[in-house]
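To start, the structure itself, in structure tokens.
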Amino acid sequence: MTTVLRKTAVFYFTIITGISSCFCTDVYSEKNPEIPAIAKYFSTKGRYEEVNPYLIEDILAVNRSILQPPSAECRQIHLTAVIRHGTRYPTSKNVKKMKKLYDVVRGIGVSNRNWLRELQTQWRMWYTEDMDGRLVQKGVNDHRHLAVRLSKLFPSLISEEKLRGGLIKFITSSKHRCVNSTLSFKAGLTELWDIKDMEFDHAVNDALMRFFDKCTRFLEEVDNNPSAVTEVEKFKEGPEVRRVQQKVADILNVPYSSISYDMAEAAFYLCAYEFAIKTVNSPWCRLFDEVDAQVVEYANDLKHFWKRSYGYDINSKSSCILFHDVFSRLGKAAEENMSGQQVTEAVTVQVGHAETLLPLLTLLGFFNDSEPLTSTNFAAQAHRSFRTSHMLPYAANLILVLYDCGGNLRLQPLLNEKPVTFPGLADQASMPLYQDVLEHYKDLLQGCDFETECRLFKQPAEV
């Protein structure tokens with residue numbers, strides 16, 4: 001496994017357009033006119049603040065009482081964080097879809113609806129294909145602020161002393177949005193402690209952070225296989241989605257055939273991106289009510305379920321390499337601590353993608369509903385736990401914190417800065433014994449070999 005080291009000064013990079021973002025300071029509420037009513041259904045295009053609304057009032061707010069170690073003698077000895085990149089521009093693929101919809105809106109007669117007339121006469125298509133998923137200023141701030149909050153939550157681990165001492169490691173995907181998120185996370189810490197005399201390395205490691213690109217079986221059987229997402233396509237052709245498309249067509253006063261699912265989704269994404277990037281409650285949002293948004297969110301959840309999560313076993317097994325990396329770091333820290341040595345890697349920050357985080361969460365067993373998501377159970381899944389809007393906003397993060405509690409090691413998982421419970425270990429609340437966690441995942445720890453799982457087994461030709 002090749003790891004490339006890059007030494008970088010922690011600095012701000014130039015955003016590719018001059019559009020700036022503002023930060024809304026109003027308290028979150030259903031009636032806040034600055035926040036679209038459908039914002040909580042934006043799936044992987046959602047703001048981190050919708051998952052943790054208290055941050056809208058104070059972006060650096062933390063509540064250390066949520067950690068709740070079982071005794072006062074517990075001390076934190078290691079932290080691993082797997083973090084998604086921050087808020088980004090749309091990809092070139094989505095920009096093309098947005099432009100197609102925008103052309104339809106511009107081509108219809110001037111509407112008597114004020115908000116729609118605003119889209120036709122005042123709003124301009126400012127997204128360009130060369131933006132292609134690059135980090136925006138809001139994404140810079142996502143990681144700067146996350147770094148400061150984590151330093152407040154875990155001050156004994158994420159400290160100036162440990163950063164200067166080389167005990168905090170940074171690993172990133174090679175994608176520009178991830179590298180720039182990593183730079184922003186480091187900048188959050190160096191600015192917090194006013195460090196100007198040192199620079200800090202990060203390692204670019206796609207084998208860990210983009211494992212899905214390296215897993216042949218996943219690529220062949222799922223990612224590049226249209227039949228793998230049959231349930232998604234069936235839902236897009238079903239009555240719930242058809243109703244959303246027809247409603248959009250009715251509002252725009254165009255034939256139903258003019259609005260495909262991709263175009264309806266593009267309008268939804270325009271609402272999401274305008275809000276995430278510029279904190280604007282755009283007129284595009286007026287095309288949808290909450291029921292419409294739930295349908296589009298479900299379509300997105302279906303796609304992630306079948307392409308990255310419980311739909312197929314290889315989806316989660318493709319993350320075996322990251323799973324073993326995380327647990328090897330925990331194991332090394334546990335051994336060093338128990339032998340009385342200093343833990344040589346107090347903190348590991350690994351920055352990747354939603355597609356990095358979701359397979360790992362799946363492998364660990366999180367958000368596994370009793371019934372799979374299908375094209376026909378939208379209504380029955382109204383209260384599902386598998387909600388990408390909750391799990392995977394921009395800057396989503398899984399944090400594992402190892403504690404020494406008087407000789408007994410305990411492991412606490414947090415998702416998006418909130419304690420969660422390891423599936424199957426609910427009786428131990430959110431900080432089970434580390435040994436019990438190892439026992440719970442022993443089959444994966446003893447197996448789950450990336451090379452074996454990702455090898456494509458060809459069926460023998462029929463004679």
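Glycine too: its Cβ is placed from the backbone N, Cα and C atoms.
The disulfide bond feature in TrEMBL is assigned to Cys74-Cys405 (among others). Annotation for Cys74 (disulfide bond): same-chain Cβ neighbours under 8 Å, separated by at least 6 residues, are Tyr403, Asp404, Cys405, Gly406, Arg410.
Long-range Cβ neighbours of Cys285 (disulfide bond) (same chain, at least 6 residues apart, Cβ-Cβ under 8 Å): Pro36, Ala37, Ile38, Cys271, Glu274, Phe275. Here TrEMBL flags Cys271-Cys285 (among others) as disulfide bond.
Comparing Cβ neighbour counts within 10 Å across the disulfide-bonded residues Cys271, Cys405, the minimum falls on Cys405.
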